[in-house]
Ligand code: RP5
């Protein structure tokens with residue numbers, strides 16, 4: 001049984017160097033998360049079981065990262081009402097454009113919150129998941145406000 005509100009899934013272990021970036025804001029904001037390898041094309045039954053169990057095990061937001069089989073996010077969104085944030089991982093041949101288009105261009109009726117290709121997208125996925133959870137968590141909301149203020153304060157007005 002999952003107890004973490006955020007579950008990060010990825011199609012392959014090879015996605016981890018990118019998807020690890022999603023954990024950075026979650027750690028900074030003290031949001032619990034889990035990670036799993038769930039492939040849409042290699043482990044479809046695992047994907048089905050993951051989506052089925054997520055609705056009752058405490059998961060509130062799913063982050064799905066994939067390169068090649070980037071329908072992972074859309075398939076997950078099709079099988080659960082939980083919000084799914086998609087991260088297009090940079091693919092070998094098409095540099096992630098295939099992943100991006102596969103994830104972002106969902107037909108109406110099933111929503112996927114697709115982020116930018118690669119590390120920025122993964123990082124922002126963790127941030128967006130935190131913002132979703134902050135809607136019903138005032139303490140997390142305050143941590144987010146403080147985090148944003150610190151980020152703003154860290155931007156110098158001048159070069160040197
Ligand atoms: C997808 O295919 C994964 O999400 C990964 O981005 C890509 C390549 O996977 P590997 O061949 O490295 O396992 O399923």
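Quick reminder: no glycine exception, Cβ is built from N, Cα and C everywhere.
Any TrEMBL annotation is an automated prediction that lacks curation.
Copied over from TrEMBL:
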- 4-155: domain 'PurE' (DOMAIN)
- 12, 15, 42: substrate binding site (BINDING)
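With a cut-off of under 6 Å between the Cβ and any atom of ligand 1, the binding-site residues 12, 15, 42 reduce to 12, 15. Neighbour counts of Cβ atoms within 10 Å were compared across the binding-site residues 12, 15; the minimum falls on 12. Put simply, the two farthest-apart Cα atoms among 12, 15, 42, the recorded binders of substrate, are 14 Å from each other. Other residues of the same chain near the substrate site, with their Cβ within 8 Å of the Cβ centroid of 12, 15, 42, are 10, 11, 13, 14, 37, 39, 66, 67, 68, 69.
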